[in-house]
Amino acid sequence: MTTPTTISSSGEATASTATRMLTFAATACLVVATVGQWLFGIYILLFYGKTTLTGDFARWNRVLPHGYVEGDWKGNLIVGSHVLLAAVLVIGGPLQLMSPIRQNFLRFHRWLGRTYVTTAILVSLAGLIMVWTRGTIGDLTQKISISLQAIYIISFALLAIRAARARRFDQHRAWALRLFMVTNGVWFFRVGLMGWLLINGGPVGFDPKTFTGPFLTALAVFTYALPVSLLVLEMYFHAQKKPDNTFRFITAAFIFLCTVIMAIGIFGATVGMWLPRI
Ligand code: HEM
């Protein structure tokens, strides 16, 4: 016979399984994202760092159609700062989220946090100038979407600083995580694109010459303008707060699914994009 005690203990077991699944999914996601971000960071340092140090700026144009323009030193400086400072974001971002570093090296966490926030704002401003003055591949929807992302980055960075200064650490954590998600929009875009190419065995749903088409429109909208990454994060926040086991299981499953897609995309981007360029 089922007694109230057995019901409550089986309820507790389900609750603890749901919580464990959620934590495990979030940890797996962070580990996979960290590996992928650092691979992107290594590519940035080896490609842009090396060409900058050796003065071989013309090589940027193998990757960026409007990367280096002879005689336009201001524009070139903006592009150079954008890509080199980007390394600080993709290498430093995951470090900020690691709790052992936060707990044991608080001064480093604070220093890196200030650097990250300032860099995110500078990289976004440089990106906006690049999109609207130098031109880039892609259509107007892609340009508007990435510009919206720059506005999210700048706004979330300022909100994260404001919460930290007011010592509202719960809010600071939430805004810092939102900032991390939108700052990684460009990384999600690359990983999403290369995962799609890998799964389909080539370009499907877009024209690789003009870099336009329904797939790229959807990818730009859902990584930049209406980021799915933010939706996943908000689900995670909600699942952590509300003792609703079903929602915790659904969120954990969704995070797992995103992690698998991300892992495929990271493999595709590393093998198909970053390694061949170095
Ligand atoms: C904040 C995180 C960002 C990072 C880490 C980042 C990183 C990069 C990197 C590494 C490149 C070189 C492309 C490559 O080698 O694959 C690049 C190019 C570029 N980025 Fe960003 N970026 C960020 C944000 C933005 C934003 C917010 C914008 C626009 C508002 C932007 C606009 C551009 C443009 C226009 C290019 C040149 C693309 C072309 O010539 O077609 N970036 N970015």
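Just so you know, glycine gets a Cβ as well, placed from its N, Cα and C.
Marked as transmembrane segment by TrEMBL: 21-48, 77-99, 111-132, 144-164, 176-199, 211-237, 249-275.
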State the non-local partners of the transmembrane segment (211-237) in its own chain: residues 6+ outside its ends, Cβ under 8 Å from one of its Cβ atoms. 22, 26, 137-139, 141-142, 144-146, 148-149, 152, 174, 177-178, 181-182, 184-185, 188-189, 192-193, 196, 204-205, 247, 251, 254-255, 258
Among 21-48, 77-99, 111-132, 144-164, the most Cβ pairs under 8 Å with the transmembrane segment (249-275) come from 21-48
In the same chain, who gets a Cβ under 8 Å from the transmembrane segment (111-132) while lying at least 6 residues past its ends? 66, 78-79, 81-82, 85-86, 88-89, 92-93, 95-96, 143, 146-147, 149-150, 153-154, 157, 160-161, 164, 176, 179, 183
If you count every Cβ pair below 8 Å, which range out of 21-48, 144-164, 176-199 shares the most with the transmembrane segment (77-99)? 21-48
